[in-house]
Amino acid sequence: MNPCEKYKARGRKPWKLMLQIIKIAIITIQLVSFGLSNQMVVTFKEENLMTFKHLFLKDYVDGRGDSYAVYRQDEVYEHISYIVDKYSRLRNITVGNHAYEKKGDTYSPLSLCQEFYRNGSISPANETFDIDAQIETECLEIVPVFPMGSTTKDDLLNFVVHFKRLLNVKIKFTLKAINLQTVRNRELPNCYDFDVTITFNNQAHSGRIKVDLDNDVDINECRDWKVTGASPKNIYYPLLFDCLIIVTCITSLALCTRSVLNGIRLQFEYTDFCLVRQGKKVPWSDRLEFLNGWYILIIASDTLTIIGSILKIEIQTKILTSYDVCSIFLGTGTMFVWIGVIRYMGYFKKYNILILTLRAAFPNVVRFIGCAGIIYLGYCFCGWIVLGPYHEKFRTLNTVSECLFSLINGDDMYPTFKYMKQKSYLVWLFSRVYLYTFVSLFIYMILSLFITLITDTYDTIKQQQQEGSPVSELHCFMSECKDLPTSGRYRVEGESGSFTCCFPRCKDSRERLSSESIDSEP
């Protein structure tokens with residue numbers, strides 16, 4: 001029965017339905033609010049990373065990415081000196097609220113380190129080398145002082161890079177900043193620690209030293225703060241709203257758990273009834289009909305939302321500063337909540353075709369994907385090994401899988417063919433055979449068969465709906481009960497939700513089934 005029929009049959013108000021509608025609304029509002037706050041944090045991190053690249057990388061241009069590199073020894077020294085100089089002058093050149101990290105009364109120093117092989121004698125002309133694979137590290141620490149003192153300049157002049165044995169040069173320092181834009185969302189600003197690392201990567205020893213800047217961000221609660229122009233009550237309104245969501249989800253969780261337990265108890269009663277009255281065992285397919293998967297989905301969504309809301313409260317009160325874990329719980333919980341809306345669409349025969357088709361086709365889809373996945377993995381490994389050295393999209397297994405999946409969807413097909421290097425005619429010819437067979441196999445055969453599988457299931461379900469024939473013994477048993485919800489026979493005093501209350505309403509059908517089972521005995 002749907003909620004309307006239950007109300008007509010037993011006079012029960014659809015509390016769970018109303019609760020789910022309210023829950024969907026408030027959870028969506030919570031997610032949007034958290035998303036806007038998280039967006040400001042992500043924007044602050046990304047813009048600071050871009051700022052550091054423009055401040056500390058010489059002649060940096062947006063979009064260069066992997067192409068930013070140095071090729072001469074004097075360029076390496078120039079870039080290192082440029083970074084140290086800009087770091088020392090940071091307070092006078094930055095337009096942001098950046099500052100040095102301070103430990104006690106002293107500033108944290110900049111660390112300049114190089115990693116290189118312990119000993120090595122390399123002679124490409126004679127095609128000989130003698131290398132000690134042990135790696136040594138040589139470091140220099142520079143305290144931020146402006147203007148740069150003579151001692152610092154002398155240290156830089158004495159810093160000799162061992163280019164022949166060099167693996168990398170790393171420059172590390174820590175900067176602090178405050179994200180003030182969160183005040184607009186009635187949140188207290190956070191204090192950020194940016195652990196900046198600039199790497200001169202020479203592990204390839206190809207004459208091209210790639211330069212990259214990256215940072216690790218730590219979000220901390222500011223030690224002392226004062227916000228004027230905002231009422232303290234307004235700041236704590238989001239906390240009260242999160243508490244309301246937690247209470248709502250706990251109520252929904254309790255109601256759905258009770259319904260699941262009642263379904264399990266009903267399943268045992270039906271199994272005993274069939275075993276005692278008809279001497280038949282109920283198949284697992286009929287038993288699982290009593291286990292409502294939608295309730296399990298709601299239980300999962302409520303659990304995730306409760307955990308996510310608790311983490312969100314801890315973020316707002318500055319007990320926790322990690323947005324990633326909270327966003328996973330809230331995002332997944334909200335997704336499950338909205339998927340659960342389809343359950344109520346299933347009460348209408350014209351709208352439940354999607355649910356029935358997916359449920360009926362799921363076992364065959366899993367088997368089909370398993371077989372297709374084996375072929376897909378074979379193409380992934382083959383493309384990675386053969387085409388990896390000649391095509392950027394086949395350098396790693398991850399990029400190979402992404403490229404092939406894009407080809408299945410018809411995306412980026414021409415560039416995949418075009419950017420194949422033609423240094424080896426044999427590999428180029430193999431790439432054509434490889435790509436043409438993959439596209440033909442997966443688009444014209446496997447994908448078409450997959451669509452046919454879903455279409456056949458859809459036609460079967462549609463035919464069953466038109467004929468109205470039950471598909472299991474359980475449905476046959478339930479179809480024998482002809483009482484309408486408005487008949488009044490469902491209103492039973494002291495009803496506990498047990499299955500025995502349903503039996504008197506279907507007394508005639510039960511006696512008919514029992515007599516048929518007796519007549520069928522030899």
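Every residue, even glycine, has its Cβ placed from backbone N, Cα and C.
Keep in mind that TrEMBL annotations are predicted by a computer and have not been checked by a curator.
Per TrEMBL, the feature transmembrane segment maps to 17-36 (among others). Residues 3, 185, 238, 241-242, 244-245, 248-249, 251-252, 255, 298, 305, 309, 312, 326-327, 330-331, 333-334, 337-338, 340-341, 344 of the same chain lie 6 or more positions beyond the ends of the transmembrane segment (17-36) yet place their CB under 8 Å from a CB of it.
The domain 'Mucolipin extracytosolic' annotation in TrEMBL covers 41-223.
Sequence-remote contacts of a segment are chain residues at least 6 beyond its ends whose Cβ falls under 8 Å from one of its Cβ atoms, and for the transmembrane segment (235-255) they are 15-16, 19-20, 22-23, 26-27, 29-30, 33, 186-188, 227, 298-299, 302-303, 305-306, 309-310, 312-313, 316-317. The transmembrane segment annotation in TrEMBL covers 235-255 (among others).
For 293-313 (among others), the entry in TrEMBL reads transmembrane segment. Outside the transmembrane segment (293-313) by six or more residues, the chain places 20, 27, 30, 34, 239, 242-243, 245-246, 249-250, 252-253, 256-257, 259-260, 263, 320, 325-326, 328-330, 332-337, 339-340, 343 with a CB less than 8 A from a CB of the stretch.
The domain 'Polycystin cation channel PKD1/PKD2' annotation in TrEMBL covers 324-461. Across all of the domain 'Polycystin cation channel PKD1/PKD2' (324-461), the predicted model scores a mean pLDDT of 89.
The transmembrane segment annotation in TrEMBL covers 325-345 (among others).
For 365-387 (among others), the entry in TrEMBL reads transmembrane segment. Residues 394, 396-397, 400-401, 403-404, 420, 427, 430-431, 434, 438, 441-442, 446, 449-450, 453-454 of the same chain, all 6+ positions outside the transmembrane segment (365-387), place their C-beta atoms under 8 angstroms from a C-beta of that stretch.
According to TrEMBL, the transmembrane segment annotation covers 433-454 (among others).
Shown for the domain 'Polycystin cation channel PKD1/PKD2' (324-461): DSSP residue counts in helix, strand and coil, namely 118 helix, 0 strand, 20 coil.
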